[in-house]
């Protein structure tokens, strides 16, 4: 029976993982895919060498080819009409998804009956609700800080990390150019802190943030770029405090997603050709049920099947309107391409 290779997971993040048919079994058909889930053996990382400093700590989830790709694009992070324009325009629905998850959890009775019955009525209050005040948030794979800055402005105490050194430099430079954010960066207890490191390095005993856990752990458009996604998720789980939330946004592995996110988006066609070629690898896309199976089957999370414990929500980009929107929750077909995934760590 298939098991994850725990030798590839730092001792600080090892969990008692049970065999799973979800995220693990989907790679059984291909040894090429098995390499990055089970062993994280990456032939590219053995032959390629980054021209920049390597991130702190272990790198069992880091793909050097991906890091090189994003380092080359680092100077364009804050060009809203450039390579990362789609991510700039995604921020409103990112905030909406997180806000709705936290508000739903607040409106849910302790008994679990009638969960969220008043959510729609309270939605008007959400706009003025300072829902991240006092929250500790970890933004994993923060890139140039596009979403990290938003989180800090909403009141969160943010640690933003990325394995691409040039991206972190771009993030710091942009924040320093803003008087408010510069104050947040330079205060004795900064609300926004950038670090060039891998997620697994935060679990190392000699790390300044060792044993730190967060109310919210975000990995937006990241998991489809890592090696060993199971190890990556395990690290995120260790960094989430009991009762806290992991929030992911990623791309499902379907013919539709291949067409939209690679064939069209990475083409030179007008309007739809809006992503640099080589940004995505289809075999690294992960289906929502694979994430669900991993958290339920291997980590034992979200066993109640309540929406407050686990939620998948599809989203789409309208190139004519230049904006993203969330699909209705009951539209299962909406999860065939881009989607958000939220899961709550048990108390």
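Using N, Cα and C of the backbone, Cβ positions are placed for all residues, glycine too.
Unlike curated entries, TrEMBL annotations are predicted automatically.
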Per TrEMBL record, range annotated region 'Disordered' [choices 17-38, 39-60]: 39-60
Rounded Cα-Cα span from residue 224 (Mg(2+) binding site) to residue 94 (S-adenosyl-L-methionine binding site), Å: 17
CB within-chain contacts under 8 A for residue 225 (Mg(2+) binding site), separation at least 6: 63, 66, 141, 284
Residue, out of the binding-site residues 94, 141, 220, whose Cβ gathers the largest set of other Cβ atoms within 10 Å: 141
Additional residues surrounding Mg(2+), by Cβ distance to the 221, 224, 225 centre under 8 Å: 141, 222, 223, 226, 250, 251, 280, 284
Fewest-neighbour residue among binding-site residues, criterion Cβ within 10 Å, set 162, 224: 224
